[in-house]
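As recorded in Swiss-Prot:
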BINDING   36, 37, 38, 39, 40, 41, 42, 43  ATP binding site
């Protein structure tokens, strides 16, 4: 299987040329958002437009926000790249900047999705004539609200809507004056869930192939995206009480307001009745291979890491990362996908799990 779903082609429907001409007529710099269901050719359209606009002398930027099927590495981020030469796949582009989402589906992460696209759009506008924004295929249910929030935040000058049967109408209502509806190419290919997973596996593997283990002192960096270090550490009396009540061995515990959050190992088998409004717990066995974002002071992601271990007593965190220059890391942000460096995904965590 090829490592990318979308490649450059000139064999496109006639309306693509009309889209190029419309973009050409827009006041610059201009933002163009591309929306559509899964497997409607959004990324193929993005690649075509970028190459065509480059040929016409425009400076082009691409924002890849399809976090589960990224062309611009790595997955679980929104990425910005500037196009300086003709290319055939988003894989050919080198990212200029990223925004960390930390998972491969927008569910539970609407805020991050909107903020990420907005921040990268603002950055891209400083250095380009046209910003092309490729989006996820989440267009139904809560996906309608996500797309509308993105439109409200980014304020695109043009929306290109790849549509089969008017399925984008709930998203586009009120934005008809800035929308061009495009037909879905007959050549658009459907990908199964297993094919998508295999594509992602290869991208994870490629991203982490030259990684090394580094250690961070938790006193030197901000840790976010988790309750692990919020509130105050529980005392020995509280720890012993919780261990007796629930037959746990508590590795780490915090009191956050009136609630407890603990990392635990079961000391014995059997059911436990735990009021999660009072005590939230996380299994120590899962506190590894969690995706981490390495974040700079501006809130951008300089690269990813994989959590290998945490020494709570010594306040050390062991991270596998391909990032060589770590001097600008001000924050480590926890994601919600567990993945190994060979690309094997171990599952998604609920946002509230950590």
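Each residue's number is its place along the chain shown, starting with 1.
Even glycines carry a Cβ here, placed using N, Cα and C.
Note that the structure is a prediction, hence the values are computed from the model and not measured.
Sequence features, as recorded in Swiss-Prot, placed on the structure.
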| residue | record | Cβ contacts under 8 Å, 6 or more apart |
| --- | --- | --- |
| 36 | ATP binding site | 42, 137, 139, 161, 162, 163, 168, 184 |
| 37 | ATP binding site | 137, 139, 162, 164, 167 |
| 38 | ATP binding site | 137, 191 |
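According to DSSP, residue 41 (ATP binding site) is assigned to coil rather than to any helix or strand.
Around residue 41 (ATP binding site), a 10 Å sphere centred on its CB holds 26 further CB atoms from the protein chains shown.
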